[in-house]
Amino acid sequence: MDKINQTFVLEFLLLGLSGYPKIEIIYFVLILVMYLLILTGNGVLIIASIFDSRLHTPMYLFLGNLSFLDICYTTSSVPSTLESLISKKRNISFSGCAVQMFFGFAMGSTECFLLGMMALDRYVAICNPLRYPIIMSKVVCILMASVSWLSGGINSIVQTSLAMRLPFCENNIINHFTCEILAVLKLACADISLNTVTMVISNMAFLVLPLLVIFFSYMFILLTILRMNSATGRRKAFSTCSAHLTVVIIFYGTIFFMYAKPRSQDLLGEDKFQTSDKLISLFYGVVTPMLNPVIYSLRNKDVKTAVKYLLNRKPVQ
């Protein structure tokens, strides 16, 4: 019985920025504003892609999925972060931590695959435009999006189950904003080699593989663009790809920093989670979803036109 009591944890304590009380209110305001921008920007993109027939194309189907994913991801963690910053309530139940971890990991994994699918879509559109409507049919696009969501969910179930089955020996203080999996694994008082192996496999499948797809897709796209005789065609091709490439660079830059560092720094290092790592995690979790709709709308004439039409649309009397 004593052993069970020592290994079972009923709740966790999220430290967040508890060591910096003077700047917590500043972070509260910043995160709240960014969260509202995330809901507004991504919500407008989703509504525009549904109601504007000009956006009923594979690229905007994936973009709509990406916007919905960003809303789900931030909603799973930002409200609790805001609550902890303003009310100093930092505890989260064991089950609540598991749910938060699941959604965070699932959304991140799904976004990796979605960005890869979007690169394939751009490859077919630019390198094989005549067969584009046939190859990227509605059924194929829905199947590609479904595979992204399903694989991300399965990966998260595996990682979350393996993490939350570990004994924590009453060590329930998570030095992070949320129940981030690497921060939780540091609390375990048992061998985490299985978690390390599965995390490496997950990194290969959901980080490296989609990145290779994106790299080779854009290599072929670049070669095709350089062969174009029309300067207008080259500019249009670059314009359709630039937004996606910008999102890929921001997303993969932050996620590789978090999950692809040497294991000695993340899983076997000191218990203290460095402030820089927290801020990088915050950037990945809030700033990136906020920038996605801005990036796509600024460089995309179709999206800007659809959003203007949606905003100026008069309600039916």
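Using the three backbone atoms N, Cα and C, a Cβ is placed for every residue, glycine included.
Listed in TrEMBL:
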- 41-296: domain 'G-protein coupled receptors family 1 profile' (DOMAIN)
- 25-48: transmembrane segment (TRANSMEM)
- 60-78: transmembrane segment (TRANSMEM)
- 98-120: transmembrane segment (TRANSMEM)
- 132-158: transmembrane segment (TRANSMEM)
- 204-226: transmembrane segment (TRANSMEM)
- 238-259: transmembrane segment (TRANSMEM)
- 279-298: transmembrane segment (TRANSMEM)
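Residues 31, 35, 38-39, 41-43, 45-46, 49-50, 99-100, 103-104, 107-108, 110-111, 114-115, 117-118, 121, 141-142, 144-145, 148-149, 177-178, 285-286, 288-289, 292-293, 296, 302-303 of the same chain, all 6+ positions outside the transmembrane segment (60-78), place their C-beta atoms under 8 angstroms from a C-beta of that stretch. If you look at the transmembrane segment (238-259), the same-chain residues 6 or more away from its ends with a CB under 8 A from one of its CBs are 59, 108, 111-112, 115, 118-119, 122, 125-126, 182, 199, 203, 207, 211, 214, 218, 221, 225, 277, 280-281, 283-284, 288, 291-292, 295-296, 298-300.
Looking at 98-120, 132-158, 204-226, 279-298, the range that has the most CB pairs within less than 8 A of the transmembrane segment (25-48) turns out to be 279-298. For the transmembrane segment (132-158), the list of distant contacts is 58, 61-62, 65, 101-103, 105-114, 117, 120-121, 124-125, 198, 202, 205-206: same-chain residues at least six beyond its ends, Cβ to Cβ under 8 Å.
Regional average pLDDT for the domain 'G-protein coupled receptors family 1 profile' (41-296) in the model is 85.
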